[in-house]
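Encoded as structure tokens, the structure appears first; notes follow it.
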């Protein structure tokens, strides 16, 4: 019922102030607002907070009444807008896209939490547990970012998104960070206006079958004539069509909008095989009635580097997410764990000291816009990459996914973090 | 004196005899209602066979073999499926519904804040029940509280963010609560909007009429799914950059728009049924358009179309289940989502969940339709032919 | 004084100018129109800007792109190399298919149940009432889920398919009775759908098609002649049986003349599925059954109301004329009830067509589901939603037009 009490409430409200005109038609106004808002963030964080509280509740009032409710200092800003608008008008036209998304960090700090887009339900990666708390490998990354910023991994809110909504949610600013097994592709990097902050899981599309019902099948090439369950609107659906076409095989697609529906259909025996990213297959296998009956076939038919995505045009925010991921990987490399992070602070090893921000007058953390003990906070909050992996999807979890490509580079995998120095 | 010697004449009255077996009691009822003609007998036999085939397994599944409590899926799965039940067992898994009941009612609403939902529910029932029972006085006050004050209190309580109540995102809302909120707000918005559209459609001003006709017919001509898609996918595109609506609000807009168009047609039916003399009478009294409409026409028209309004409401109540398609979890959606819960996944879970949600929907809709029939009879002032 | 008067008169003329309903109406309309134009301009402006920002080009050019996905059920040939436009046509045809078949089935069930609710037979009456009250009061989506997850999903896997046919014997605990032979229809039911033998027409099959056309023409002619004769002389002619004989007999004759040019292709088991034959997909089956059963409940109520709407005297009069109850229903009651039934029936047919869009929940590739997939892939939301709207509006208008025509035709019968 409420217009989201986020930073946007502000522009919604001002957008309709009578002084501007009943129905603003001029695009430059919108842009000017964005540009001004960006400047205001620094000065009016406190005011913003009270403003936001009000914005969440006063929706039943008309906008004119709302205007009276604006704190006095805010009214000044509204006035300022009109003068600035004229000056900025033309110049701001070109920076519209970036202006809308800039200064995510300030925004996050002001509202006091990170809004993170995750999968609706993918066991091991992101799914609510019995208490309704979100857990999983992708969720851990969100928590790590929250820990790096606030020193508290719980200062994060989750928006479950499906395949279709995830991009609009990020574009519109509904979420600050998308950590939802999203494949890094050129078109998503460019035309959709995102940046990928790294790869937290190297994946590929595979097939799963019920080995009990189909004992003879041990390769995807034997699936000719099979009914195959696939989620619609994903690259998976297209890869599937391409793979069967390339191999001259017949198949019968059974498509659904939602992951849960595909799972249910596969489990009920509607299809012979299930195709999605292999990590997803392992996760879905768990939710089936008899997980041990199902096997994942060896073929990988696509490259799916999955990683967290942020909006284009905010390099600082991108850096924070990127280096949070790297810090987790580096911590594993250096042997820093959730359990020993406090001891490690006193380690004589200069590498570890540098990572944990224990070097005298280190500026590594503050340069990133965070505190110097940001890595300590991350590791305390969620552990290192390996710990998070094992706890959520590895041997410590029911999924039991092997590290494989996701092992550290020193152990024959692809996980290689840039050095913190 | 006359001798009564005629032996073939009865001396005393015969006692009244019971009607023949075929003409009384159960047998008569059976004969008339079930075996009146050979064709009837055949139909009865077919009906009985159908009942015999359907009822015993149904009752067995629903009650006798059903599992009422249990910690997880093992009580609802057979041994070969990794559970505790003997192979070949089939019964409802009420344990699943039992374990998830609270979730089915309020979704993933913050647990520590759920008292707020219960409070709203209690207030709603406490306000609605007296309004529905004709004998209880203070109807006007009651209605004002229910439609004027209650929505504000409910809004504050459910959303929070003021008076020290923590803010609960609509993301977390779900279950029956979403179904009820969507349908009640939908109907509350669509009733005035529908009246305006209906009046507009009957207006003599061509532009007003055209706009209303286009809106009504365009919405009525397309399925709700596409209207919801439009609200969820296209609404953000129509708004200036940076201005976003809550997903819940978007669904609400879609539902309200859809309901308004249907409501407008129902009300138009009522307006058309008002005799022309009423309009002319009002005009001759010198009433303005709004006075005429508000004081003479609408009160009569609305009373006429109460069944239609209730039907629209029932339709809306059922149609809210479609928000599942745009990724929100109303009662049906949340039941459906819980099929995927590994702790409860079994062959019986989907059917049990569906039967439960079906029963809840049925209870509401059936109750409403019965109440509307009752009201229709009460309000019937005998204008019908 | 005088000047005041003039001023006062000017005032009142101005006031009357404002109070003139005609002028006020025009003012209101102009205001509304201007507001509307501004609103549309605002929305369009925002949309253009938003599209530009997210790098989506508008227009229908994307329809020529390669779809890249496959569709499970298609009435026309379709592969991943086909264009988006063809995918949409496939979706539209699937919508029309399920709506068309659903309307026929729903009408049949609805009429039976509706008449059943007025039956003298208590049991039948109550059964029909339970049916109507159950299906009317639950959401259609739930009915679809019920058929899909509750019924079709629990059918056996392909290798344990249920073979349809008539067993000529039965097994008891004491042994086997009857012939140890199964009269199979070559049809199978499993959780992948319904498998029927496919008819493969050989050379000379056109003769049969031609015979059917000729038979229909002859039936029409016979019916007309018979009616003319009845009106002229009062003598009846057994039109029904003649028609049956013509429609079955002529094609059979042609079939024999052409040398039986028909082979049946039976579904056979393979590694994963039954292959060959004619397959009805479970998604279609679930949607079709759900829409039929759901809508039938509403049609039953309409039929009941229609029949009750016919004056009781009509029934009594027809009994007095010696008509049996079936005849009275068919010849007297139903034709009059149809006048009441048709308008609401039209809106039920429209509802069924619109409800077919719920296909998306179980993955039946109808227009909305396929449009949704394309929307996901191309991001052309406005164009896709516009196509949906236009198509459904078109279907609605076409159905209304047809039913209005039918209604007008029925209304002529009225005397």
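Cβ coordinates come from backbone N, Cα and C, glycine included.
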Legend entry - Range among B:41-64, B:65-88 that TrEMBL annotates as transmembrane segment: B:41-64
Legend entry - Of the residue ranges B:96-114, B:115-133, the one that TrEMBL records as transmembrane segment: B:115-133
Legend entry - Range among B:11-37, B:173-199 that TrEMBL annotates as transmembrane segment: B:173-199
Legend entry - Winner by Cβ pairs under 8 Å against the transmembrane segment (B:322-339), considering only B:115-133, B:145-167, B:248-267: B:248-267
Inset, instruction - Tally Cβ pairs under 8 Å between the transmembrane segment (B:173-199) and each listed stretch (B:41-64, B:115-133, B:248-267), then give the stretch with the top tally. - result: B:248-267
Legend entry - Within-chain partners of the transmembrane segment (B:115-133) [C-beta distance under 8 Å, separation at least 6 from its ends]: 105-106, 109, 139, 142-143, 145-146, 150, 153-154, 157-158, 160, 165, 168, 177, 371
